[in-house]
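> Found this in Swiss-Prot, in case it helps:
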ACT_SITE  Y138  active site, proton donor
ACT_SITE  K212  active site, proton acceptor
BINDING   R93  fumarate binding site
BINDING   R194, G344, A347  NAD(+) binding site
BINDING   R194, N458, N502  (S)-malate binding site
Amino acid sequence: MTRTPFTLSLRSTDSVFKIRQSLSTVLSHSSTKIISRGYITIPITSTIAYHRPTIRLFNMPIAAPVRTLSSSQPLKRSTSPLPAITPAQNLLRLKAHLQNLPTPLLKHVHLSKIRREDPNLFFSVMRDELTDLAPIVYTPTVGEACQKYSQIYSGPEGLYLNIEDKDRIPEILRQYASKLVTPPQILVVTDGSRILGLGDLGIGGMGISVGKLNLYVAGGGVNPHGCLPVVLDMGTNNETIRNDPLYIGLKQSRVGLEEATEFMDAFMAAASEAFPKAVIQHEDFYSEAAFDFLARYKEKYRMFNDDIEGTGSVILAGFLAAAKQASEASGKPLRDHKVVFLGGGSAAVGVAKEMMNFFMMQGLTEDEARERFWLIDTKGLITSTRADVVSGKIASHKKFFIRNDTEGKEYPSLESVIEYVQPTALVGLSTTFGAFSEFAVRRMAELNQSPIIFPLSNPTSKCELAFSDALEWTDGRVLFASGSPYPPQQFKGTLREPGQGNNFLVFPGIGFGALQAGCKRITTGMITASAIALSEALTPEEKQKGLLYPRLERIRAVSARVAAGVVKQAQEDGVDTNETLRGLDIEALTEEMNKAQWWP
């Protein structure tokens, strides 16, 4: 196959790269070069070509930007100089342009272009318009962007490694690390196998890694030059995507878990050696792999899984607030809450395990806490007498919550489980739109003065229950939190604000806190501490309004508080190395986290 090569030139006066199409059909780079724009420096190696490169360039603008007043040197031109445009003018222009774009996806694409060309401008608009733009740069819009990643692709955004590179990963990352001026602080890594609730999107998962890091910077204050998005291309089982002529990933079926584990072993070892101070966040691996990798690497590397641990943390925080309100309304003890889950994937099991800490805080043993949960998957309530459990065919991660007390009776539907359990809380992680039926929701309202209902599946197109329906079917008594954002609703003359159990409220604080503490690893206690810190971050006004989570516009302050809680727990667990933070109380630690945040 004939390849069209390119060469790069860097002008020191304006740090602009121009792609020049070569007339030759042979790509020749005699030496490795470095570019540095956007999140992180990316080396150009001889392995780069237009077809399936091992390492691609990140944040490479396709045209020279207009000179601004902040430029260190004027551009040397023979013609009249360009007008000097202030950063404030650029920011106003970008905001106006975004307002004129008709769809969220077009806004997402334009913002991605701005981030590659001018990171300061991108994060300035994110700072000013975070509440409006978070759903654009991340869920729900990022789901569509990942589905259409190859169609809207306009340039490389991070580190792309495929299964064919398995034996070369240590060499690749050693060479890569040796050329970096700014080493990575945060790596967000996915294999694209379970993107949100949308399934296997292959190399399109890069959009999730980039989106998460956008939020790390905007919400957590991580320096964008220390962020590295990574996609591990192991093929895809999505035939529609794989057969698309525009698809830029490996056009083969996804490898099995054994081969994927060998690839992950190589990557985790090489990444931790090349970037010894970085935090590695696993994102959107399919359930079996997610649990296997978390168990395999948690005690060995500085890593966590956001789908399992981050989701568990944020839902535990919301449940802490909701359970207190519900118990105040009913007069029932906190330890008597009963929770039904619709969904048996990695996120559901991870959330349920984290929520067990709530009941253990009330004095229950671990076994007693586990008995407060009932999990429903596609076959119904998970019981010891169900056929797939008896035959041993049930996924291993579900075994922890098998019920042994149903006396041989099976409960195939959500409605039948609600009648059997009579729960106080209903949590959805099924990725099935509308799965919380009107009958189920109304029955929850009959059973509880303040029913706790958390439809958490992302994006909105996969959410189990809309906020408006939740209000109507419970006569406004619902304690509601969703995974994707819903707008406030007028109900009987009162403006009601929905809770959003968005991982955005915790994962920046977990990662940032682990970085600031210099953690050797990220403990289970640190994850639980992040949930407690989030629940304590509510202001008196937010509590008075019955909110379950802090408002998103306060995310920087919230992230600092979460990070402080993570640092404190790291010190108690003996995994911190930053001695300068030891001995500080939580208020002083929060102030230190605020000072350490990066701002555009």
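Even glycines carry a Cβ here, placed using N, Cα and C.
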> Could you state the CA-to-CA distance between A347 (NAD(+) binding site) and the residue listed as 'fumarate binding site' to the nearest Å?
40
> With DSSP assignments reduced to helix, strand and coil, which class does A347 (NAD(+) binding site) get?
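Note: A347 (NAD(+) binding site) is helical by DSSP.
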> Which chain neighbours of the NAD(+) site, leaving out R194, G344, A347, have a Cβ atom within 8 Å of the mean position of the site's Cβ atoms?
S287, A290, D307, G343, G345, S346, A348, V349, L429, T431
> For R194 (NAD(+) binding site), what is the tally of other C-beta atoms lying within 10 angstroms of its C-beta?
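The Cβ of R194 (NAD(+) binding site) has 25 Cβ neighbours within 10 Å.
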> Measure from the Cα of R194 (NAD(+) binding site) to the Cα of every one of the recorded positions Y138, K212, N458, N502, then give the nearest.
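Among Y138, K212, N458, N502, N458.
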> List, in sequence order, those recorded positions among R93, K212, G344, N502 whose Cα sits within 10 Å of the Cα of the residue listed as 'active site, proton donor'.
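So far as Cα distances go, the recorded positions lying within 10 Å of the residue listed as 'active site, proton donor' are K212.
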> If you compare CA-to-CA distances from K212 (active site, proton acceptor) to each of the binding-site residues R93, G344, N458, N502, which comes out shortest?
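That would be N502, nearest by Cα distance.
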> Just counting, how many other CB atoms are there within 10 A of the CB of K212 (active site, proton acceptor)?
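If we count other Cβ atoms within 10 Å of K212 (active site, proton acceptor), we arrive at 28.
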> In whole Å, how far does the CA atom of R93 (fumarate binding site) lie from that of N458 ((S)-malate binding site)?
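Rounded to the nearest whole number, the Cα-Cα distance is 32 Å.
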> Write out the long-range same-chain contacts of N458 ((S)-malate binding site), meaning residues 6 or more apart in sequence whose Cβ is under 8 Å from its Cβ.
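For N458 ((S)-malate binding site), the qualifying residues are T139, P140, G143, L196, G197, G483, S484.
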> In the structure shown, which of the recorded positions R93, Y138, G344, A347, N502 has the fewest Cβ neighbours within 10 Å?
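Relative to the other recorded positions in R93, Y138, G344, A347, N502, R93 has the fewest Cβ atoms within 10 Å.
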> Cα of G344 (NAD(+) binding site) to Cα of N502 ((S)-malate binding site): how many Å, rounded?
19
> On the three-state reduction of DSSP, what should I expect for the residue listed as 'active site, proton donor'?
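The residue listed as 'active site, proton donor' sits in coil per DSSP, no helix or strand.
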> What whole-number value in Å do you get for the largest C-alpha pair distance within R194, N458, N502, the residues recorded as binding (S)-malate?
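The two farthest binding residues have Cα atoms 18 Å apart.
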